[in-house]
Amino acid sequence: MLLLGCIKEVSDYELAVSLPNGLSGFVPATQISDAYSQLLTEQVAQGQLLEELNSLPDMFSPGTLVRCIVTSIEKRDDGSRSVKLSIDPKKVNKGLSSTALAAGMLLSGSVLSVEDHGYLIDIGVTGTHAFLPHQKAKNYIKAVKKGPDLKIGQNLNCLIVEVKNEGRVVCLSIDRSEVAASVATERQNWALSNLLPGLVVKARVQKLDPLGMKVTFLSYFTGIVDFMHMDPEKSTTYSPDQVVKACVLCVHPTSRAVRLTLRPPFLHAGGAPRQLPGQRMGAVLEEATVKAFYKQFGAVFELDDGTLAFARLKHLSKTRKSFKPGAFKEGCKHKCRIIDYSLMDEMCIVSLKHQIIEAQFLQYQDIHSGDVVQGKVVSLKPIGMQVKVAHGIRGLVPSLHLSDVILKQPEKKYNIGDEVKCRVLECNPGGKKLILTLKKSLIQSKLPVLSNYEDAKPGLITHGFVVCAREFGCIVKFYNDVKGLVPKNELGSEPISCPDKVFYEGQVLKVMVLKCEPQQERLLLSFRLSSKPGPEDKWKCTPKEKQEVKYQIGEIVDVKILKKKDNGLEVSILEDEDNVVAWIPTLHLSDFVATSKLLWHCLQEGDVLPRVMYLSDKGEHITLSRKSAVISAVQEEQIVRSFSEIQPGMLLTGYVRNVMPFGVFVEFPFGVTGLAPKVSMSDKFVTDTKDHFVVGQTVIAKVMSIDEEKQRVLLNLKVSECSSGDSAAESFALLNQYFKELKEIKNLLRRGEPSICELVPGKRVHLVVQDVREDGSALFSSSSVTGLTVTATRYHLGDKNIAPGEKRKAFVLHVDALTSEVYVSLREELLKQRP
């Protein structure tokens, strides 16, 4: 089937073409012309770029009309169809013979070669040589601005100026004014077997119908103009026997039906249809007015700016069963969304489907690097997983990004059809390329997204993933293919001799930017986050020598909070005339990780923290700790001040500095560190080290062995090995400390959130049902729980059927002060218990 199409998008490998009636198709790079295909083959065979081979974007521009022939229609996985096209003159002009060629004919041609006086053009007619003189091409080249010459494979709208030797030689013109003025006539002897789309003809109206009109042209041809292709300005003024200018849109080979258009931009050969303003794509319109409804096709709407839009039948309702024709009478108004634009119909394509109106993304241009998206697993392949993000938008999760760790058998974790939460690593709308990650540590990261080199300011801390670990260091990648180097001396606070044994490909780590050169796309990074603060963190420290004299590790001081930062508190040491500024990392506020986060949340600038211990002065500032167990260990001298003091069998109190797949690094006061290998981490079997320990956790470790030559300490973290004997006393001491800190937090909470302090597990409260969710859980409200989210799971509703607005008595199960969430139960067996 032959059609006239309009180029919508151009990529390196294919042309996306808009076809009549809201359809679209694709022209692969191998279907441009024989000469272009030959150059492609040569380039692949030689393995190097050929100078004479130009990319498709160098030769084609969106908005250009092209003649196409349908080569195949393929069915996709989701049931939709993909139309493959060709613009190769040998296929498009296959109905023409050399004897049928006549002056004034307009047809498609493709540049075959560049000669001294012009160009040899492939018009796809066997036995005919077509020549285009430079004089007849210069105005076109000047207007198109694609370079000083036409390029091999470039598709052209050619007008036959002269025919010689019975059609064996023809002279062509591509001059825009000559092409635009051409009209097909009876003298050119067009037949139904070779009639080409794009020809402009004079047609006579034969019969009018609500769905269009029937016309005759070139004496004995009949054709159809459907309702979408009448001139909207004149659609009500057409009458039988009226002569109109029309353009051939398509010719069907079997039914021999010819369809034409009366829309103005097509009535001059080589014209360009109107484009849709970029900001209109994806726009949601509250009121679109029905202009006409066609029960076999769909409905035409008038939009808020007076333009017309078309919605296909399947886009008028959620399902066929829910479709009500009565809602589409002329004048009815509906909410819709612009989902596409048909260049060939010069009409917006809209949808009334609720899920499309509410959809987060409609096209690749709507998606940006760093966006978190929901998708559905479409397929699992060796290179990775294909995920459907929205209708017509698919992304690839490379095998490296299927999990935080490398999955050997991803099919055991993921199934086709699974809903997955991903983060966008890279999006290239032009190439319709979308790369996603399923690494939880990247998806849940609250740190800034680094997607260009200009944003990589020194001091910036963000998450990246290792793509290469070698003897020189690690290469870390971020979003949009931004990457940088962590040199060997910046891999950690301790020297690492073999980075490839400590770091692995795909590992997600926090990194700090040290230096960036955006023009050269060079980025220098560090894994040592605290050693070199950024320009914002100007620490007002006294010189290092002065600090060392003034404060000793283990010294207890009181501090005042100056500033709250994402990962800690900037404080000033009280009763110090030099106003020394120090740093308490969030994880050093308590022995308990959850309590540390809660304390940070409750504390305010200006608060005084008593009894904080001087921990270290590494880097350029003082670090303090409020970990009770660590402070006790230092005060009771249950510590080692240097590597030489360590003995096997010692029990030492420290804190987790890093959790690696092979084990846990533990740091002790005075800077001594050790490694607890995976086998010595827990009494339970360890599959994933991250399931057992978190960075900042206070631990008691037993020294297993020491290697004096390599200055290494091996530790044991098994609870069964790390008890000093009186485990009951140790447990009660820990519990006592925990409740003491909770009491302190409660007092702090009373300042800003007094209602949360009154709620304790076991308390009975009167609540009002606010909402019942799809999963069966319920949401409550009450004057006593203002500003808090109160929920009960399906299980804790018992057998009660509840509805919004009802008053209910509930039992408080748990209060999460950090998220301001309260969990309650309505079960009778709990409510009956004595308070």
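Backbone N, Cα and C atoms are what each Cβ position is placed from, and that goes for glycine too.
Going by TrEMBL, these are the annotated features:
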type: DOMAIN; residues: 1-88; note: domain 'S1 motif'
type: DOMAIN; residues: 104-175; note: domain 'S1 motif'
type: DOMAIN; residues: 198-263; note: domain 'S1 motif'
type: DOMAIN; residues: 370-439; note: domain 'S1 motif'
type: DOMAIN; residues: 459-528; note: domain 'S1 motif'
type: DOMAIN; residues: 554-627; note: domain 'S1 motif'
type: DOMAIN; residues: 649-718; note: domain 'S1 motif'
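Most Cβ pairs under 8 Å with the domain 'S1 motif' (649-718) belong to 370-439, among the candidate stretches 1-88, 104-175, 370-439.
Sorting the domain 'S1 motif' (370-439) by DSSP state (H, G, I as helix; E, B as strand; all else coil) yields 6 helix, 38 strand, 26 coil. When DSSP labels each residue, the domain 'S1 motif' (104-175) comes out as 13 helix, 34 strand, 25 coil, counted as helix, strand and coil in that order. DSSP labels the residues of the domain 'S1 motif' (198-263) in these numbers: 3 helix, 35 strand, 28 coil. Among 1-88, 198-263, 370-439, 1-88 has the largest number of CB pairs under 8 A with the domain 'S1 motif' (104-175). Broken down by DSSP into helix, strand and coil, the domain 'S1 motif' (1-88) contains 20 helix, 36 strand, 32 coil.
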